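Here's what Swiss-Prot has on this protein:
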- 79, 238, 242: Zn(2+) binding site (BINDING)
- 265: active site, proton donor (ACT_SITE)
């Protein structure tokens, strides 16, 4: 049987909030089988829970934010969510003493190290996957995202920015998902932004924690980071990282073929909602026999960094 996974022990880290610029403490805790991914804001009394749910994503302007019925929000969940998807963690309690998850270095890599440091253990319950059964597509102007049936999790993402530093050869990335592929090819790709947008946002009291330490920053001509890029196509890889985090907002790893053009948090969420709203388009599956599992999900609990 392919089993659900949680952490072996709790672990804590501090970082900076991207929007507030304030110190944020993040605590990750093990959870019982079938708990799912649950975010908690512990700075509120009583603490407010945000179970990962695509219908709770009500703001995708600059990040993915979960907002409850009372208007309480928790922001910038997508990079941590991507790390959970990457390692196939089904059950976890995430506590944060602020309205946002710390930005760390702008990628999912620090969260991967944190999760592996806590240790991953299997639980005595079958892991559920969402298997795509029908073609589903959503569009927004010239942007689109789609799912097709496929026995694995394949991703194909294309960006299109009219910028001299983003050539045609670095606008597309394709990958067959596995924990190993995610850790090595995707998790280190950092978020990016354009100087003119950042200056405006900071004048509005946003992205106050944004810096060259936690983002790739571009002016009108070039990349401003002294050390350059981690991959020549780091920008499109980061967009794929975002998509993996956004699509894990259902709390289950997906078996299907995902393809997107210029998609962002909003369209990724719209696609996930469209799939789940159509009961003919998907099904829950579990695997009693490891031989039946799609190749990318036959992942060992130990991932080599």
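Cβ atoms are placed via backbone N, Cα and C, with glycine included.
Here the features listed in Swiss-Prot are placed on the structure.
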residue	record	Cβ within 10 Å
79	Zn(2+) binding site	30
238	Zn(2+) binding site	28
242	Zn(2+) binding site	25
265	active site, proton donor	21
Distance [Cα-Cα, Å, rounded] between residue 242 (Zn(2+) binding site) and the residue listed as 'active site, proton donor': 7
Rounded Cα separation (Å) that holds between residue 238 (Zn(2+) binding site) and residue 265 (active site, proton donor): 12
Additional residues around Zn(2+), ordered along the sequence, whose Cβ is within 8 Å of the centroid of 79, 238, 242: 78, 82, 106, 107, 108, 189, 190, 191, 239, 240, 241, 245
Pairwise CA distance, residue 79 (Zn(2+) binding site) versus residue 265 (active site, proton donor), rounded so that it is a whole Å: 12
Secondary structure at residue 79 (Zn(2+) binding site), reduced by DSSP to three states: helix
DSSP-derived class (H/G/I helix, E/B strand, else coil) of residue 242 (Zn(2+) binding site): helix
